[in-house]
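J.: There's a structure below that I have some questions on.
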Amino acid sequence: MPNASSWSASSPLLLLWEDSSGTRIFLSLLYAVLAISGTLSNVMVIYLVFSFKKLQTTSNAFIVNGCAADLSVCALWMPQEAVLGLLPPNSSSLRSAEYRLLRGGLLGLGLTVSLASHLLVAFNRYVLITKLPSVYQALYQRRHTGCMIGLSWALALLPVPLLPGLWTLGSAQSDGSSRYTALLLALAVLGQTALLLHCYLGIVRRVRGSAKRVSVLNFHLLHQLPFPAAPPPPRRAQRRLSSVSVLLLCCVFLLGTQPLVWVSLLGFFLRPAPPALQAASWLLLCSLSALNPLLYTWRSEEFRRAARSVLPRGEGPPAAPRPAAAA
């Protein structure tokens, strides 16, 4: 059985060399399902936003930015993992340093921009709900929005050279470069999560404290919040639904990001986690790329109406008219 160092040097990121063929086939099928569903959902959201003028809002611009980043993971990286899981462990494709760097770059770029887009959407909604309309309009001009999106991609290119170190998270190398790379990754995700929770909890406090404040803001973005759209339920039920929707979104996000954070911190301060636990934490993080479009559109009536207008209704052919009865 190969040791941890050989496993980390020549295996796919989330597939273990010592796994049985059945496990590898199962993971490959899982990657294939996530790749297909994630690609279709991200492409659908992008198509709907570009096709319907009502959906072309600032908040949706950040959502589309995240969908484009998620396509890097779902459409480009996951299919390669699905195929590589079916190859023998000693395949030359797994040992190519250039190919590993390419795959790591695709994964790192997609996940970094996707996480940044989560934060941009949360901050956009926080400013919309908690600040004056004049502040929101001044901050989110088209030029400023484009700069924010461009900055998310520019910042994502900075840590790409560190991605090869993530391949050795489970090894016991003496230089410790992979441990520091994992620590930087964990701290970055942890900081981003803290800011995102601050924004959404601030929204919940404002909505619960002043439902009237939300109702008088005449913005299309209110339809993209994870809150119930018109017709509004009674105030108490509205506050409860708002809190539950935000809590669900935050829980899904925490479930996808925090296992990797704490596995990385455990490996830096104590001892490396088992390879299977590392693989599971990475898999949860990558699965967010397939779930993100649903997280931000499932409560939006505008998105549902646009989707119904482009998807086939499944209705059968119209029935033939009955002949008129004889007089």
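Backbone N, Cα and C atoms are what each Cβ position is placed from, and that goes for glycine too.
Curation plays no part in TrEMBL annotations; they are all automatic predictions.
Here's the feature list from TrEMBL:
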type     : residues : note
TRANSMEM : 25-50    : transmembrane segment
DOMAIN   : 41-296   : domain 'G-protein coupled receptors family 1 profile'
TRANSMEM : 62-80    : transmembrane segment
TRANSMEM : 100-123  : transmembrane segment
TRANSMEM : 144-162  : transmembrane segment
TRANSMEM : 182-203  : transmembrane segment
TRANSMEM : 244-270  : transmembrane segment
TRANSMEM : 276-298  : transmembrane segment
J.: Cβ under 8 Å, sequence separation of at least 6 from the ends of the transmembrane segment (182-203): give me the contacting residues as numbers and ranges.
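T.: Cβ under 8 Å, 6 or more out: 115-116, 118-119, 122-123, 125-126, 129-130, 159, 162, 165-166, 169, 225, 246, 249-250, 253-254, 257-258, 260-262, 264-265, 267-268.
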J.: Excluding the flanking five residues on each side, which residues at least 6 beyond the ends of the transmembrane segment (62-80) place their CB within less than 8 Å of a CB in that stretch?
T.: 31-32, 34-35, 38-39, 42-43, 45-46, 49-50, 103, 106-107, 109-114, 117-118, 120-121, 124, 145, 148-149, 152, 156, 224, 286, 289-290, 292-293, 296-297
J.: Restricting to the same chain and to residues at least six past its boundaries, which positions have a Cβ under 8 Å from a Cβ of the transmembrane segment (25-50)?
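T.: Distant Cβ neighbours of the transmembrane segment (25-50) are 14-15, 19, 56, 60-61, 63-64, 67-68, 70-71, 73-75, 78-79, 81-83, 85-86, 283, 286-287, 289-294, 296-297, 303, 306-307, 310.
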J.: Taking every residue in the domain 'G-protein coupled receptors family 1 profile' (41-296), what is their average pLDDT?
T.: 77
